[in-house]
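Quick one: the structure is below, questions incoming.
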Amino acid sequence: MWFDAVVMVMVMPWTMTVTNGLMTQDYAASQMPGWFFPLWGLMYSLPFLWRRTRPLWMASGIFAAHVVQLFLVPMVMPSNIVVPVALYALARYEKPRRARFWLAIVLAGAAIASVQWGLVDAASGESVGLVEKLARITFWLVAATAICLTSWFWGQWNRQKDLTHESWRERAEALERERQQGMALVAQEERNRLAREMHDIVAHSLSVIVVQSDGAAYLANHDEIGDPEARLAQVNKAIETIGQTARTALTETRRLVGVLRQDGEDLEMAPAATLDQIEELVIQLGSAGIPTSFHVEGGADLHAPIGEGAEMALYRVAQESLTNVMKHAGVNATVEVAITHTADAVSLRVSDTGAGPTQSDGLGHGLVGMRERVAAWGGQLNAGPRRGGGFEVHAILPTKNERKHP
């Protein structure tokens, strides 16, 4: 807007000088009152103020000024140069349909003006014939039309360039939005992964610690149960299990926190858990007084390696399942853990004869987290009550798996 105002200020003295100069010429304009000429000059220059924002206003003002010229001054004026400028603005900034309408009006006006200018031009010299008059009219018609169309197509070309740049800008903004959304999804996935890790580490470790500490406290406070030395040995074993479980939880928590570090410092990371370590979870559960069994069918040599991440996923499923056994199975429950290797898949089955889960903790990190882990590696997880009582978790991972992202 400010640039258009500058252009208007620059053009205004020139157009007003041109129109004021007609006061002394032998044209019909010289019969007009003195105030008319400054007003006429403003009609040529003031519309420049809306050259880009309101091109129709500009075209209307300049059109009115030239209608006045057709009646009062039958000759070419320097101020006529504003016509191609107005056409350029219409072609570039106005809607195409309206701009084409005004192009037709301007070309019609140029044709009328060309006839007028050609006749005046012919009359200003020696007597000329009809052919000479037609030639001069044709000259002005071709010149005016060429100038108008050149301005028009130049404006159209710049309009297309503006639209192309706008399209590129919108595409860049869309790509940036997609990138931001992708980053948000990745961040959300990472938050979910960390939530699953923290849940598995903390829930399992605390469940073991609670069971062992309750058992140790019970033995320590009931002298009538068994031999004192045997009770002391069981209490010491429970305390040892508590300490080992706490140390393991600290190590895994330190590993998880290490993933979040961004300062580039070297950090000793604990190795990821494997299928072989599931047996340690079973032994740990058995030490809490719950009868357990563990067996493996087949072997890893039956299929291609499933990868460290997939083994970690199955380990976490086993860990969460055994944690749920401690929390929900109740007394007199037995637990069976089985790992099966085939050429196409590795499966993990954790089943118990207990009461099963009673009420959700409201957070949903348990079964939901297990399903997310298994699904991330192209597998399936089924969990639910068993026939005859108890609960079962069954996870299957294909041997030809690859990490999937939501």
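Cβ from N, Cα, C; glycine included.
Nobody curates TrEMBL annotations by hand; they come from automatic prediction.
These came from TrEMBL, pasted as-is:
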TRANSMEM  6-23  transmembrane segment
TRANSMEM  35-50  transmembrane segment
TRANSMEM  56-89  transmembrane segment
TRANSMEM  101-117  transmembrane segment
TRANSMEM  137-155  transmembrane segment
COILED    158-192  coiled coil
DOMAIN    309-401  domain 'Histidine kinase/HSP90-like ATPase'
Short question: which residues 6 or more past the ends of the transmembrane segment (137-155) have a Cβ under 8 Å from it?
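Long-range Cβ neighbours of the transmembrane segment (137-155): 76, 83-85, 87-92, 103, 106-107, 110-111, 113-115, 117-119, 121.
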Hey, which bits of the same chain come close to the transmembrane segment (101-117), Cβ under 8 Å, at least six residues off its ends?
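That would be 56, 59, 63, 66-67, 69-70, 74-76, 83, 86-87, 90-91, 94, 137, 140-141, 143-145, 148, 152.
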Across the coiled coil (158-192), what is the average pLDDT of the model, as a whole number?
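Averaged over the coiled coil (158-192), the predicted model reaches a pLDDT of 85.
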